[in-house]
Structures are given as structure tokens and as C-alpha cells.
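Remarks on the structure that follows.
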Amino acid sequence: MHLKGKSPMNYIGRFAPSPSGPLHFGSLIAALGSYFQAKAQQGTWLVRIEDLDPPREMPGAAAHILRTLEAYRLHWDGTVVYQSQRHALYQDQIDAWLSTGQAYYCQCTRKAIKAMGGFYNGHCKIHPPARQQDCSIRLRMDNQVQQFIDLKHGTITIPKALAEEDFIIKRRDGLFAYNLAVVLDDIDQGVTQVVRGADLIEPTGRQISLYHTLKQKPVSYLHLPLAMDGNGNKLSKQNHAPAIDPTAPRQTISHAMQFLGFTLPTDFSDASAEQMLAWGCQHWQVSQLPEAIEITPRFSNGPA
């Protein structure tokens, strides 16, 4: 399989939402953070729809997300990529690994793995299943990553058992695993840095190990603070976070920029959405980012 790779000279970032619902305040934070980080470096900002899991998708959500980004004047570069149209890329890589023994079939259930202590112990690597039906596919973890550097959080240490685990790259239901798809897509699109929410810190080690297995240079990572509700839960579609209002971008952008640590000018109330974003690109600094912040309805779904 041929992957395009990336040029070291040009910054390429991306925003990659899943279409399981409309954009909410937490996903706007990820969009703005990745946008500011790219544009502050005169870089490219891509949008990719991560529609890998049809049972979790909401009909029409992908189009709604793109319309909302446009309403917020977050204009992406290039063409929107849909993971649902890239299955051949993922399967070709899996087939290549299966042919060399780098990947293998596994029939272990969640119940069986729980009995192993919660981490898969390599059972099917030693005892291959007699049949391939109803099996997942795992990658041999020959390139373990136990630490990585995050631009905000510094050195992140990954538990040894997690770092050593042969992880799933294709599920037993036939769906491709998130870790495999995002790494292959980021390599193919030339992404140089991933900016996303801190809830995705955990799989980062596995994704870096995939870069090493593919003999590619890993991207750098910046994990943004999470927007939390009053109960300490992350704002997410699963937690029924309200959709942001596409008809009132200025107020919500202002609130989101304050969340990201900006001290806004006193005359910002008269600025257009385009002017606010341009100002943000000029003044963005990673050092301004706060820790997780509680979000009230005033931030996520209310008037200015």
C-alpha cells in the first residue's frame, strides 16, 4: 500500500468530527482550537467526517455539521474526506499485515478478556482460531509506546499493560477500528499535528505505535481542555449536550474563545464572526489554554 506521507515544511491540521449528532459546544472547542493552531502558522486546516460506525450515526448529521461550520465562518481547505469512502485503504493495509503475520484473527470475547484481568493476553496469537468468521483482527504490538509528549500536558505515561496489548484494528462486526483509520487518513492527508479534546489522550500511544509500524514519522499532539457540565461530565453527544445555534455564531464564538483562554478586546461585541476568527488567529498561543472548565447553559446554548 502506498501512503502519501507529509512534507515537513507545511503545517497541516484537521478537525475530524463523527456524525453521531450536531455540533455542540465541546466539539466547537475542538474545531476552533485546531483551526487557530493551523491558521496561526499559516497552515492548512482540513475537515474529515469520521463516519466509521453507522449504528451510532444520526441521519443528516454530517451535512448539518458542515453547514454549522460554514455558518461559524470556519472555512476548511480542500475537499471534505469521508471515512466511509476509504474502506479500501484500510482493508488493503490489514490484508498486507495479515499476509506477513503482523496482524492475526482473534475470537476472544469481552467476557474472556475480562477474565484475563481486563487486558488481552495474546491468546489467539499463540492459539489461532480454527475459523475466521466472527473474529476480530488484532495487530501485533511490536512497536510499544509507553510515553509521548503533548504540547500542553507535557510527558504522558501510558500504563504498561495497555501499551503492550495487541489491539483491534478490525472489529468482529466488520467495522474498521478508529485507531487504524485515523492514522492511515492522517498519513494519507499529510497531517503534521493533531489538535483534539483531552478525552482522546488514551488512544494516542496506540496511534503513535501505528506510525512506527507503518515506518512513518508520527505527528505531534495537542490535547485541548474539555468542556464539562455542572456534574463533571464531558459535554458530548452521548451526554445529550445541546447543539450550538447556527444562527448566532458571534455570541458562541466569543464564549468559546474565552473558554480557550483568550482575553477579548472590549470592542469585540461589534466584531463580525470573520473578524473574531482573524483576531484569534493573530493572538493564539498554546500557553493560554486552561484546564477543564465547567460550562453552563450561558456558554453552550444561551444568549450572550
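Glycine is treated like the rest: Cβ placed from N, Cα and C.
Swiss-Prot assigns the feature motif ''HIGH' region' to one of the listed ranges (17-27, 50-60), namely 17-27. Of the residues R73, R140, R196, Swiss-Prot puts just one in the L-glutamate site with R14, F15, A16, P17, S18, E50, Y178: R196. Among the ranges 4-8, 84-88, 234-238, 294-298, the stretch that Swiss-Prot annotates as motif ''KMSKS' region' is 234-238.
The CA atom of P17 (L-glutamate binding site) is located 29 Å away from the CA atom of Y120 (Zn(2+) binding site). Mean per-residue pLDDT, taken over the motif ''HIGH' region' (17-27), amounts to 92. Neighbour density for Y178 (L-glutamate binding site): within 10 A of its CB lie 20 other CB atoms from the protein chains shown. Taking the mean position of the Cβ atoms of C106, C108, Y120, C124 as the Zn(2+) site, the remaining same-chain residues with a Cβ inside 8 Å of that point are Q107, A112, I113, G122, H123, K125, S136, R138, D166.
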